[in-house]
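Working notes, structure below.
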Amino acid sequence: MLVWLAEYLVRYETAFNAISYITVRAILALLTALFISLWIGPKVIKRLQILKFGQEVRNDGPESHFAKKGTPTMGGVMILFSIGVSTLLWANLANSYIWVCLFVLFGYGAIGFVDDFRKITRKNTDGLIARWKYFWMSVVALVAILWLYWLGHDTDATRLVIPFFKDIMPQLGLFYIVLSYFVIVGTGNAVNLTDGLDGLAIMPTALVAGAFALIAWATGNVNFAEYLHIPYIKYSSEVVVFCTAIVGASLGFLWFNTYPAQVFMGDVGSLALGGALGVVAILVRQEFLLVIMGGVFVVEALSVILQVGSYKLRKQRIFRMAPIHHHFELKGWPEPRVIIRFWIISLMLVLMGLVTLKLR
């Protein structure tokens, strides 16, 4: 929005021309989202306490989690608000990719909000009925995918980038829709499953979003795209602003969510952030890179799938409890140790993912 204002004001003061640079707006978006999150955080937490929007805890979970019961949840609303305001202020709103990203963010956020609200009003951990939850997640995902498919300016927009192989980029055609569906829905659920400990999901989210900011910038720059042998997606560099807004909002939320947490993001935050990462990965054609950099999310989701599958087939559990972070808790790891080690792993995976861009 401020891009348009700067275009007018530059006639009178050339310093406003700085706002036309994507790097400047990306930094400002990060700082804006961070400051908004820090500013409204105490107010949101107090309001959630007044409304008695407290966390419900599973009876079969680790005993250390019983003390978390009643901690304000649905704090993801402050994340969404911070990202939304920051993006609307600093992004070029004439860019359709920005609206696709915001659509998924708030679409999944709305689904998560309803899910959280049902848990709170029913005083248990059962939210939306699974089939309805997946139905609405699928609707949002498919609308966004078809929107992106329609926006595709050239064949590169539907190519599949395979790490380590610069000359292998198959054209997906309509399979692009199928792959993209699983990426968005899968990432939304994976981040949701990861959000079980204080700060566990939000830091990897910030790291992955920061990495995708760099990738989106390179993808939208014809020279860097050619240098890295990745598809050049026209206008995709504007998504950098959205990604850095996620980073800023995530860091601001972490201020209140770090152990011991003052607030939880709830499904309204985790589903929204997961969906946002998924749609950005599709937009910049780096689905495989999302699997690498978001490895913590992938492992958390796989642990649940393996646990459920093993119990149904063999009546035996692989882990003491799934998602896998609970397994380590039941083995005696203190919660902060699990969190910090997962953060370290996430940082290493993000760096590995970025390195693969050059090792091709």
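A Cβ is built for glycine as well, from the same backbone N, Cα and C atoms used for every other residue.
Residues of the same chain lying 6 or more positions beyond the ends of the transmembrane segment (21-41) and with a Cβ under 8 Å from any Cβ of it are 3, 75, 78-79, 81-83, 85-87, 89-91, 213, 217, 237-238, 240-249, 251-253, 255-256, 263. Feature annotation from Swiss-Prot assigns transmembrane segment to 21-41 (among others).
Non-local neighbours of the transmembrane segment (73-93) in the same chain are 1-4, 25-26, 28-30, 32-34, 36-37, 40-41, 44-45, 48, 53-55, 99, 101-102, 105-106, 109, 112-113, 116-117, 120, 238, 241-242, 245-246, 248-250, 252-253, 256-257, 263-270, 272-273, 276; each lies 6+ residues outside the stretch with a CB under 8 Å from one of its CB atoms. If you look up Swiss-Prot, you'll see 73-93 (among others) marked as transmembrane segment, on the strength of sequence analysis.
Panel annotation: around the transmembrane segment (94-114), residues 74, 76-77, 80, 83-84, 87, 127-128, 133, 136-137, 140-141, 143-144, 147-148, 151, 184, 188, 192, 235-236, 238-239, 241-242, 266-276, 278-280, 283 of the same chain, lying at least six beyond its termini, place a Cβ under 8 Å from a Cβ of the stretch. Among the features that Swiss-Prot reports, transmembrane segment is placed at 94-114 (among others), with the record citing sequence analysis.
Marked as transmembrane segment by Swiss-Prot on the basis of sequence analysis: 132-152 (among others).
What Swiss-Prot lists as transmembrane segment is 168-188 (among others).
The transmembrane segment feature in Swiss-Prot is assigned to 199-219 (among others).
Look at Swiss-Prot and you will find 239-259 (among others) tagged as transmembrane segment, backed by sequence analysis. Same-chain neighbours of the transmembrane segment (239-259): 22-23, 25-27, 29-38, 41-42, 45, 75, 78-80, 82-83, 86-87, 90-91, 97-98, 101-102, 197-199, 202-203, 205-206, 209-210, 212-213, 216-217, 220, 265, 269, 273, 276-277, 280, 283-284, 335-336, 339, counting only residues six or more beyond its ends whose CB sits under 8 Å from a CB of the stretch.
For the transmembrane segment (263-283), the list of distant contacts is 41, 44-45, 48, 55, 68, 71-77, 79-80, 83, 97, 100-101, 104-109, 111-113, 115-116, 127, 137, 140-141, 144-145, 148, 180, 183-192, 194-195, 201-202, 205, 208-209, 212, 216, 233, 236, 239, 242-243, 246, 250, 253, 256-257, 289-290, 294, 297: same-chain residues at least six beyond its ends, Cβ to Cβ under 8 Å. Summarising the annotation, Swiss-Prot assigns transmembrane segment to 263-283 (among others).
If one looks beyond the transmembrane segment (288-308) by at least 6 residues along the same chain, the residues whose Cβ comes under 8 Å of a Cβ in the stretch are 160-163, 183, 186-187, 189-191, 193-194, 201, 204, 207-208, 211, 215, 274, 277-278, 281, 317-319, 322-325, 327, 342, 345-346, 349-350, 352-354, 356-357. The transmembrane segment annotation in Swiss-Prot covers 288-308 (among others).
Summarising the annotation, Swiss-Prot assigns transmembrane segment to 338-358 (among others) and lists sequence analysis as the type of evidence. For the transmembrane segment (338-358), the residues of the chain that approach it from at least six positions outside its boundaries are 163-164, 197-200, 203-204, 207-208, 210-211, 214-215, 218, 228, 230, 259, 289, 292-296, 325, 328-329, judged by C-beta separation under 8 angstroms.
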